[in-house]
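Working notes for the structure below.
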Amino acid sequence: MIDWSVIVDSIPAFLKGLQTTMLLLVLSCGAGFLMSVPLAVARVSPNPWLSKPVWLFTYVLRGTPLLVQMFMVYYGLAQFEAVRESFVWPFLRDAWFCAWLVFTLNTTAYTTEIFAGALRATPSGELEAARACGLSEAAIYRRILLPSALRRALPQYGNEVVMLMHATAIASTVTLVEITRVARDIYYNHLSPIESFGVVAVIYFVLTFGMAGLFKLAERRFLRHLRPVASGVA
Amino acid sequence: MLLHGYLPAILGGLQSTVSVAGTSLVIACVFGMIGAAAKLSSARTPRVVAETYTTIIRGVPDLVLMLLIFYGGQIAINEVADYYGWGYIDIDPFIAGTMTMGFIYGAFLTETFRGAIMAIPRGQIEAGQAFGLTRCEVLRRITLPQMVRHALPGFTNSWLVMLKASALVSIIGLDDMVHRANLASAATRKPFTFYATIALIYLALTTISILALRWVESRYSHGVRKVEFR
């Protein structure tokens, strides 16, 4: 039923695709994290000039399909003469750059909301104590608010990273040869869905639960103070 | 000329997108209810099957599942048809697409519905049974109306994800809004115009959905007192 030779022959292609998938994930995840921390701080700011633009950004990015965003950037921007003649064109004509840009913006939008939610959930006593100790606003963010909020956000953030990993499959629509594209090419060559999509589904499955395990370890490390007290105490 | 004369084509695509997403939602609700019932069952087999179903779906991207189920299902059905000598069966992409989407998002609704059923105090169901209501009556008059309230936040979330994921059916050959935008872009060489237009339409759809479901939520929470934080 299953043609194993097709699977064995495609191992090198899948390994190469896996590299692309992981690189896309790491680069957009890293850039997204760096951007969403300051954006989350702006999102919870009482100043509407700071919080409203961030709200609009996350609302638009989260309210439209990733596939459409990808097409808008990769196929769409070439429509404008000004873009084609500007210095950014060498980047924007590159599928790699476009995919990275779209994934980064997309995950930034979701992560910003996650971090903003975690910031809002700060117990007000922590903030009052920090103010009473005379910490400056910057020091409060650096030493009190962000460390505790990022910890609180860890479980949700782990989910978001897994979702981003799944989202990188969309890069297969803009000529990038990551694992989904490899599977689609194998399907078109052999017309065998199990040997192509079945294999890539297994790869994603393993990656998902591997990453979920890593985040569980991180939670155990960073959220130790929230764990239920071990038996024998009560 | 509005959108170079492609406005009617895009709106036709909108109709198709809404019907794909809506039909998938109905199918997903069916899978979700069956899944939730299986997970809460006292028998072992349905629990294991439902657990496997939700675990696998959550571990694989929707695009990959869509491709696997769409193309794999087609071949599987035709192998069965071949065996019984029915000849080649051409599966309608609308049915295949919506079944696939429904199957995928049914896994997410399984968790939502399971949580909602568990949130109803057990005593209410027992009280219903004590009054001599049949199981069906208990479901219809006690469980379901209260489930709606508990399930709505998760349901809203799943619907929004599904609405956006419906853009992917253009990849398996359905004539939805994205597909129409692809055609219009190719014909006019104005891709940004069309993709930006459909992005705005999707944004409008999500906004309407959020507002509508918020209204439904307030209707179903009439008798519930909110916690007031001080």
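Note: Cβ is positioned from N, Cα and C throughout, glycine not excepted.
Annotation source TrEMBL lists domain 'ABC transmembrane type-1' at A:18-215.
Under the heading transmembrane segment, TrEMBL lists A:21-42 (among others). Nonlocal intrachain contacts for the transmembrane segment (A:21-42), taken as residues 6+ away from its ends with a CB within less than 8 angstroms of a stretch CB, comprise 50-51, 53-54, 57, 99-100, 103-104, 107-108, 111-116, 118-119, 141, 146, 149-150, 161, 164-165, 168, 171, 176, 178-179.
The feature transmembrane segment is assigned by TrEMBL to A:54-77 (among others).
Taken from TrEMBL, the feature transmembrane segment covers A:161-177 (among others).
TrEMBL lists A:197-218 (among others) with the feature transmembrane segment. Same-chain residues lying 6 or more positions outside the transmembrane segment (A:197-218) and placing a CB less than 8 Å from one of its CB atoms are 7, 10, 14, 18, 154-155, 157-158, 161-162, 165-166, 169, 179-180, 182-183, 187.
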Worksheet entry | Cβ-Cβ under 8 Å with the transmembrane segment (A:161-177): same-chain residues at least 6 beyond its ends | 16-17, 20-21, 24-25, 28-29, 32, 66-67, 70-71, 74-75, 95-96, 98-99, 103, 106-107, 110, 184-185, 204, 207-208, 211-212, 215
